[in-house]
């Protein structure tokens, strides 16, 4: 019977007059049809009287113009009503494959960010005082909440993390195969060797004194024992300004220039403060009043403040005959640090009693009583290094001695400690760089180095070594590019650590000019 079926199929395939309503059967369909036909043959052999012959059924199907039908089940092994299985879950109706979660998106905040143009730049933000920054943060939180800090588009599913120790070979392959490209210079070049070294014989190895100062007229005053020398940084000339008569007992304990560099104040170990004119090499006046040596001096316009070994601070008005116009009593031991703020509003004093006192100048007069605005006692050693921030007049930097080794920052408006960093070395002097917003510190035991820090992150930019003894004093040149350090090794070293890039300076000046012209055009309109 199988032979007849095969012959009939061959004959039907060779006939050209039948309509082609279906294409060739698939292999699995042919296999099922053969199984059905075999079962049909078996059943027909057992009960031949009740089943029609294959020839009649084949002729009937041929006469009707159709081939044999496909089995019931379309997919093998599947039920009659069962559809093709699918392992993929349907996409949720609330989202799509690009933004799966739209409920947590902040489209209003995104529209506000795109349309708002009066955003504060990082430079303008750094120029604001901490109180103003805090006020703006509070107003932003009250008005907008945390909407502006969130992501505009958020997703539910985060990408899986790579297993520990996994390395992407393709990334290594393509990164090594790339051609060399120019990399933007992230840090400037800072010479590790001093630009010049000067001898300073007989300079006193005393932590509590201030024996060098650089004037606005490019004159460096250096106190060596009982003498004061002036070094002209422009052409290198050295001049002896003064020499004390009592060479055995008396010595110069501190020097300090006026703001314009026309006069030099000199403090002596006898407690006398002298005022000198370097152009004429003449002493203008001598002001007494302290019972012990004067270790710190600071100018505020025509007022000269001097700190004594007994802990007292005197104010001298150099215009009048009665020069002593005020006294501040806030320290129990020697005053070794004294600095007026750039705006003349605050006076910071550091003492051997580990205290920092902040004094506020009154309207038209100075405080004459022992009333301090703030007193900071966080340092664990004498505080000699004091420096005011040039772009934030209320921020003070202070450095502690061997037992403390910390640099701390203070907001003198509200008396808040802004931060601290452990330098692991005695802090002898501090200087700010207004060009790069950095601070440089001079250290003693045990490394005797100069360290440049990036403010306010306080990350180390560079370390300058070369002194064989502790760095006692530091001064900044009038142009702000060179730092001179005086060490107990009787040398003065000049470091070009804040050299200004001329290209960046020209770009900055052009930007400032364009901003000025644009602001003028706005006002003209």
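Just so it is clear, glycine is given a Cβ too, placed from its N, Cα and C backbone atoms.
Just so it is clear, the model here is predicted, and its values are computed rather than measured.
The following features are taken from TrEMBL:
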{"type": "REGION", "residues": "36-102", "note": "region 'Disordered'"}
{"type": "COMPBIAS", "residues": "37-50", "note": "compositional bias 'Low complexity'"}
{"type": "COMPBIAS", "residues": "51-76", "note": "compositional bias 'Polar residues'"}
{"type": "DOMAIN", "residues": "198-495", "note": "domain 'CDC20/Fizzy WD40'"}
{"type": "REPEAT", "residues": "245-286", "note": "repeat 'WD'"}
{"type": "REPEAT", "residues": "328-369", "note": "repeat 'WD'"}
{"type": "REPEAT", "residues": "464-496", "note": "repeat 'WD'"}
Which residue counts does DSSP yield for the repeat 'WD' (464-496) in the helix, strand and coil classes, in that order?
0 helix, 17 strand, 16 coil
Secondary structure content of the repeat 'WD' (328-369), with strand meaning DSSP E or B:
0 helix, 19 strand, 23 coil
Short question: which residues 6 or more past the ends of the repeat 'WD' (328-369) have a Cβ under 8 Å from it?
207-209, 295-301, 303, 305-313, 315, 375-377, 379-388, 390, 393-394, 396, 398, 400, 404, 410, 412, 415
Within the repeat 'WD' (245-286), residues counted as helix, strand or coil by DSSP:
0 helix, 21 strand, 21 coil
Between 0 and 100, where does the mean pLDDT of the repeat 'WD' (328-369) sit?
85
